[in-house]
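This report concerns only the one structure given below.
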Amino acid sequence: MPNPAFSARIERMKLRRKGTSDQLRVATESISNQRYDGLEKYTLLEDVLHLSESWENRGKGDSAIRYIIGAMQPVDARYTEISFETASRIENQLSKKLAHNLDFRVQGSVPLDIHIKGFSDVDLLIIDTQMLMYDVNGGGSYSPTSRDGRDVIIELREAARDALEMAFPTALVDDNNAKSLRITGGSLQREVDVVPSIWWDTKEYQSMKREEDRGVTIIDKNTRERIYNAPFLHIKRIKDKCDQCNGGIRKSIRLLKTLKADSKDEGSDIDLSSYDIASLMFHADANNLNHSTYYELAVLVETHRLLNYLSQNYEVAMQLDVPNGTRKIFEKPESHVELLKLTEMVNSVVTEVLREITGRPTDFYANDKCDVLRKQMVY
């Protein structure tokens, strides 16, 4: 029998993964008219818009199990490809219009394939190569410059803003964010955050010359504070650990991001970022996350275990680093409340899954029942 609570969540998840009615309207127009309207390869979505995804036929009806399985899956690769192509459109315009030597990189959820929206935002780093910051303790050889990197980044930001307004006259270029520009609308079917920056050559990068060890320097335009970040090391370390567990980390991250989105839709916002959630699950047990085909509920079991342990031992949680080691995941005591909210969402859904498996509506999930879920095949 369908579960009304999960019927609503499943419908929201379908919309999230395939797009809102307005997004689909533009997509459909692009397909039928074969217009270049932000859907860089309109044929990519021709099938996706109308066909169901494989997870929609797994489990029984609109159940907690079907919801969990669906929440773990990547969005269709054709949506993700269009996200990258939208970033490439921005890159091409900036390359042509700016008198700067620039490098471009995509960071965030999309390159990690942990986004849960078909029409996901894209984070595009634009990196001015005329100068860089470097760790003086490294072994590299550099020539000093009299230029202030903060001025270089702010000038790049202003030039990029003007170039984007010229290249995409019907789009909105928002210059209010302290660290990035945001371009939306017009012919673009993805919101793109454009992050002006320069390279930061870490000690490790100077030694090994691996790009994952190379960082970037960005600026808070309001305070002129330099912010050093290592997005490629974040991506590399999560990918490497995910490879150890048959994709289990990505599935757990998507699951938690979906629960967070549904919590907001149901009236309770959870103030943890996508970056925080990904960093949190990086500390999960890879062996526990490892699973065979059709045994994905093992991912839910480990997600439940880790969140409950950290919620009950917050002093341990506050010692955990983000994957690239640049800061702690939880930097303030108030984050405990947000972790508790997310944990409660997991606890609620894992109990519903257990009840669907056992057929006993009074069952409550506990760690001693983990094998019931781990051994359950979901076709």
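Including glycine, each Cβ sits where the backbone N, Cα and C put it.
Within 10 Å of the C-beta of Asn229 (UTP acceptor binding site) we count 20 further C-beta atoms, all protein chains included. Annotated UTP acceptor binding site per Swiss-Prot: Gln107, Asp123, Lys179, Asn229, in sequence order, evidence recorded as similarity to another entry.
Annotated UTP donor binding site per Swiss-Prot: Ser109, Lys257, Ser274, in sequence order. Other Cβ atoms within 10 Å of the Cβ of Ser274 (UTP donor binding site) number 18 in total over all chains.
Annotated Mg(2+) 1 binding site per Swiss-Prot: Asp123, in sequence order. In three-state terms derived from DSSP, Asp123 (UTP acceptor binding site) belongs to an extended strand segment. For Asp123 (UTP acceptor binding site), the number of other Cβ atoms no farther than 10 Å from its own Cβ, over all displayed protein chains, is 20.
DSSP classifies Asp193 (Mg(2+) 2 binding site) as strand under the three-state reduction. What Swiss-Prot records for Asp123, Asp193 is Mg(2+) 2 binding site, and it gives similarity to another entry as the kind of evidence.
Positions annotated as site 'Important for uracil base recognition in acceptor pocket' by Swiss-Prot: Asn229. Taken residue by residue with DSSP, Asn229 (UTP acceptor binding site) is part of a strand.
In this view, Gln107 (UTP acceptor binding site) is surrounded by 20 other Cβ atoms within 10 Å of its Cβ, with every protein chain counted.
A separation of roughly 18 Å, to the nearest angstrom, links the Cα atoms of Ser109 (UTP donor binding site) and Lys179 (UTP acceptor binding site). Highlighted in sequence order, Gly108, Ile114, His115, Ile116, Ile253, Arg254, Ser273, Tyr275, Ile277, Ala278 have their Cβ within 8 Å of the centre of the Cβ atoms of Ser109, Lys257, Ser274, the residues recorded for UTP donor, and are not part of that set. Cα to Cα, Ser274 (UTP donor binding site) and Asn229 (UTP acceptor binding site) are separated by 16 Å. Ser109 (UTP donor binding site): 23 other CB atoms within 10 A of its CB, across all protein chains. For the recorded site, Ser274 (UTP donor binding site), the DSSP three-state label reads helix. Spacing of Asn229 (UTP acceptor binding site) relative to Asp193 (Mg(2+) 2 binding site) is 16 Å (Cα to Cα, whole number).
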